[in-house]
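Each remark here refers to the structure printed beneath this line.
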Amino acid sequence: RLYQIPFGMPTCEEGSEARTLYLVGDFSAPAEFFVTLGVFSFLYSMAALVLYLRFHSLYTENTKLPFTDFCVTVCFAFFWLVAAAAWGKGLSDVKAATRPATLISAMGVCQGEEVDCKPGTTPAMGLANISVVR
């Protein structure tokens with residue numbers, strides 16, 4: 001939900017107040033899907049662990065239970081792949097929307113011929129990149 005993030009845009013005129021500029025984009029859906037699937041995977045893993053350890057005899061005697069477990073695990077693996085791809089795309093969109101060159105091009109102050117706007121630093125995205133790899 002980048003559109004909720006304001007930042008102050010400086011003005012070159014003396015005595016004038018800084019204008020507020022908002023980022024563009026809403027990339028929350030892939031992140032929410034990724035996190036929701038992670039929580040459900042964790043809960044299913046805990047339930048399966050209880051089933052394996054506490055009710056081992058029920059698991060070995062019933063032939064439908066292992067097959068059902070296998071099918072649910074395959075579904076979680078498929079959705080995990082889809083969620084990781086969606087989160088990777090969402091992260092690349094966030095990077096594109098917050099790139100310093102993109103932000104500078106959105107500032108009207110930086111469009112003048114006599115003005116030289118340069119970014120201070122690039123944002124660190126290392127931990128965000130790692131979240132996609134997991």
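A Cβ is built for glycine as well, from the same backbone N, Cα and C atoms used for every other residue.
Curation plays no part in TrEMBL annotations; they are all automatic predictions.
According to TrEMBL:
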- 1-134: domain 'MARVEL' (DOMAIN)
- 33-55: transmembrane segment (TRANSMEM)
- 67-87: transmembrane segment (TRANSMEM)
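The DSSP breakdown of the domain 'MARVEL' (1-134), given as helix, strand and coil counts, is 89 helix, 8 strand, 37 coil. Mean pLDDT for the domain 'MARVEL' (1-134) in this predicted model: 80.
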